[in-house]
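Record features (Swiss-Prot):
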type: BINDING; residues: Cys53, Cys54, Cys118, Cys148; note: [4Fe-4S] cluster binding site
Amino acid sequence: MAGANTAGVDKEMVTQALNAELQDKGFLLTSAEDIINWARTGSLHWMTFGLACCAVEMMHTSMPRYDAERFGIAPRASPRQSDVMIVAGTLTNKMAPALRKVYDQMPEPRYVISMGSCANGGGYYHYSYSVVRGCDRIVPVDIYVPGCPPTAEALLYGLMQLQRKIRRTGTLVR
């Protein structure tokens, strides 16, 4: 690779060529952002915002049968210690300001998972005067988990999709 003319060559191709050459010698070429994203996916701390029946299924993910902590996903009680907020259940107009306040207390980068039909779009109570038709009207949502209520497996799948999304996208500047 030394002495080769790489003018106009895509950055990714150069990185792959250097990686191939250095891997034989026991080195790994990466960026600081990739290392930070890798570490962040292995230590996601989620906080519950359980509003209805979906919260029961959300609790199941921490129990021995599903054990979300084996994926590096652990619950936290404080929004200031959390990376992920899981909104589970029917969000009412009266509860919406509290949701936004808790979201604003979370440190950057922060992620939101909308769990269940009610959090995704109002669900069964969609046409009620007191229900917000989706928590994405109050906070930006990264992952939607469908179902009424979604199973613990569906939530685990959503959490793993969030880990993949974090690895795929840069999170230093959001």
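A Cβ is built for glycine as well, from the same backbone N, Cα and C atoms used for every other residue.
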Which residue, out of the binding-site residues Cys118, Cys148, shows the minimum number of other Cβ atoms inside 10 Å of its Cβ in this structure?
-> Cys148
Quick one: which residues besides Cys53, Cys54, Cys118, Cys148 have a Cβ within 8 Å of the [4Fe-4S] cluster site's Cβ centroid, in sequence order?
-> Ala52, Ala88, Gly89, Thr90, Met115, Gly116, Ser117, Ala119, Gly123, Gly147, Pro149, Pro150
The answer, for which of the binding-site residues Cys53, Cys54 has its Cβ ringed by the most other Cβ atoms inside 10 Å, is Cys54
